[in-house]
Amino acid sequence: MGSSSSNMDHIPDAQHLMQETGFSAAHLVRLYERFDFLDKDDRGELRLDDFEAVSELAMNPIGDRIIRAFFSPGRETVDFPSFVRILAHFRPTDTNRTRNGRNGAQPEPANSRTNKLKFAFQLYDQDRDGKISREELLQVLRAMLEMQVTEEQLQSIAERAIQEADLDLDDTISFDEFKKSLEKVDIEHKMSIRFLE
Amino acid sequence: MAWFTFPADNLLCRCLGISITVWFTLLFVFIIMPAVLGVSFGIRSFYMRTLLKIFEWATLRMELGAKEKNQELYKPYTNGIIAKEPPSSLQQEIQELRGSANSLRSEPEFEMADIFYFCRRGVESIVDDEVTKRFSAQELKSWNLLTRSNYNFRHISLRLTVLWGLGILIRYGVLLPLRVTLAVTGICLLLVLTTLVAFLPNAELRSYLSEKVHLMCYRICVRALTAIITYHNRENKPKNGGICVANHTTPIDVIILANDGCYSLVGQVHGGLMGMVQRAMVKSSSHIWFERSEVKDRHLVAKRLGDHVADKTKQPILVFPEGTCINNTSVMMFKKGSFEIGCTVYPVAIKYDPRFGDAFWNSSKFGMVSYLLRMMSSWAIVCSVWYLPPMNREEGEDAVQFANRVKAAIAAQGGLVDLIWDGGLKRAKVKDVFKEEQQKLYSKVLVGDSEDQMEDKRSEDGTPEGDESSKDPAEGQ
């Protein structure tokens, strides 16, 4: 926390980013390196094709949704702070957080359970209207299964999923319903990536 | 004025004349003659040991200096930025995801939570993936006085800066011109001598002399790069009628191998200087050069290679099955073409020591000429070559399995990571078939097909490691 090496000079707003995301200086340097590496044309920001160059991502059925999650709506490039803020969602949840009640002004950290859930919710809810419609659910299922099941099977899977989760029977899944249906899932562990020191 | 400048001019001319003569004499005696005769004075190994001591000192100074100033020293992580969980199958992961949510399941169904698995894998690969990092130069732990390979260089101490400045002077002022002279000499000699040898009527004499000529010129080129090569297990050197396969890091690989033996090279016909060299080489010994259009025709390629190996008087063919330059930390997928021919394969592992100069050619970053200039202005190129025992295709083994076996042997010997990924991913995108595999696996979880679990083992992504789970515990019936 005290001294920072001058490698941090490359990184815009480093101290602020560290506080906001909870990454340490070493992490930021490493992430900046990775950002720089992905940025093939040295533009200082990432484009769609920079993400698409990652082979393991292209193999992922929902790869393009994950990529789009990095881009704020309406923007076509990702700068380093945005890159880090998204990745901050995947930091392991801090076990010694202060409860929100004590200090209401403090915003929830990016890697809280709720924020992780929000990130996953947005993967389903592409039009960002706060609800997962049947059509959106179908799209995700199609992406994950494509030619492996028939259209009828897809429809029936979607139907069952909505029936299970949709508590207020408005034929869509809101964020709270989403949260409720995933109550028992160990999100802290499954949506976390361990960054090495 | 004239009478004042004239003696100075004269003096300058004479000095220049003398120094050039001295220069060339030294060059001739200490470098070219030994290259021609195949002898070594041991100058290069001495040079290498001295350099190592200086590098260690430099790194130490840098660490001390950084401690004094209380700055964080950037240490490159050689094992990646994130801890990857040990690879478990898609099925296991999804079971775990669901198992925490709902342990009693009458039939497998889609769960909203399933997306977490794919999501996490996706973000992990954005942060660190196995493939793209193979296509850029490796990072070093200690500093070798080349700013191009270290982020840490700042004005840490006067001594270090002076040393670095001295290093630049020596590398660009002394070593580079020396090496360029040698390279030019080597290539000219190659062109001239191979053409001369081609005129000889006697075939035996011709092939004997052409061998000597080739070896000599390659030795000069090796000295032009100050390449310090250690050959291991020379008793396994490739013999006539076989194919030599090696891992590919740089075009210099050819020079390194050809320094120790004569090979027939395979490649595309180029224009310009390369084309001239290619044509000259073909005159005195047989190499296989393809026109651009012929490269696509796999049968033609296979036939020409097959004909060549069938002729036992011809030299072994040198092939790099990866198809592209990889950064020498791993071995990528071998293309099966050369393994289908059915002759003996002589695997060779080449490992470069990155402390003296990174030999990897990042063709998207550097063109050929700037790459060669970088090579010639590094300290040295130090590498080890291991000749592995010859391998043959076994009964019931197809070309792909044979290729993987050879690849594993090379990776094991050279201490490289054995990857199944295709080196062509440097330029091309991943084929959709990989995505389909993932979709197939996931659909099995949903539909719950237990008999295809054997198939899952082979189609699992990335890691050739098989998964242990054979029976799905949550599944009824």
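Cβ atoms here come from the backbone N, Cα and C positions, even for glycine.
Per TrEMBL, the feature transmembrane segment maps to B:20-43, B:156-174, B:180-200. Residues annotated as domain 'Phospholipid/glycerol acyltransferase' in TrEMBL: B:242-353. According to TrEMBL, the region 'Disordered' annotation covers B:445-477. The feature compositional bias 'Basic and acidic residues' is assigned by TrEMBL to B:468-477.
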Long-range Cβ contacts under 8 Å made by the transmembrane segment (B:180-200), restricted to residues 6 or more beyond its ends, are 27, 31-32, 206, 209-210, 213-214, 216-218, 220-221, 223-225, 273, 276-277, 280-281, 283-284, 376
Model confidence for the domain 'Phospholipid/glycerol acyltransferase' (B:242-353), as mean pLDDT, reads 84
For the domain 'Phospholipid/glycerol acyltransferase' (B:242-353), the DSSP residue counts stand at 42 helix, 26 strand, 44 coil
